[in-house]
Amino acid sequence: MTDQLGLRERKKLRTAEHIANTALALFLERGFADVSVADVADAAEVSKKTVFNYFPAKEDLVLFPIRDHKSEPARVVRTRQPGESPVAALRRHFLTGLEERDPITGLADYDEFLAFQGMVMSTPSLKLRLLEQWTDSEVVLAEALAEALGEPADAIVPSALASLIISVQRTLIVRNVERMLVGADPAAVHAQCAAEAERAFGLLEKSLA
């Protein structure tokens, strides 16, 4: 994605990444509640105003690394294989992520992932902001589903289906994260996580039959 940006956009992205990385290191070291935006600005050697120019809310600093995943379900639908249904494509993508221990599926146990998820899961404002990001993902997915189904952009079917899909994915991911946070071995629970995903996506497909 960076290669497609102009010089100005690349510089802005590097600045945002620097601020977000600095903030995340502070949050993980001291705790989210014990670090102010002013602390982040000082550590990143930028002004407080600059931080807010890039990140309107303190919580956005934490979620910046996963910002691109907001449109991931929509991308999967738009790039699905010929003859493959949107739900089948999303199921295949999720199962592949589990197999590869993609952290976005919740099935990963490296230290940085566990520290990040532990902070998010224990901080109400971060959980709320993450839920808002899921809602944004739902809107983008509904647009892709409308295209795939040949429905108007404001039709109820793609909107309802997007809501169901995002709910299923969120439930699966949270269950996996909770397993990781209590010390589960990804290899040991992979089969169970995959079976749950198969069943959940299978129910989605049946509901559309």
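All residue numbers here begin at 1 and follow the chain in the order shown.
Placement of Cβ uses the backbone N, Cα and C atoms for every residue, glycine included.
Keep in mind it's a predicted model, so treat the numbers as computed, not measured.
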Pick from 36-55, 76-95, 116-135: which stretch is listed in TrEMBL under DNA-binding region?
36-55
Outside the DNA-binding region (36-55), six or more residues from its ends: residues with CB under 8 Å to it:
12, 15-16, 18-20, 22-23, 26, 61, 64
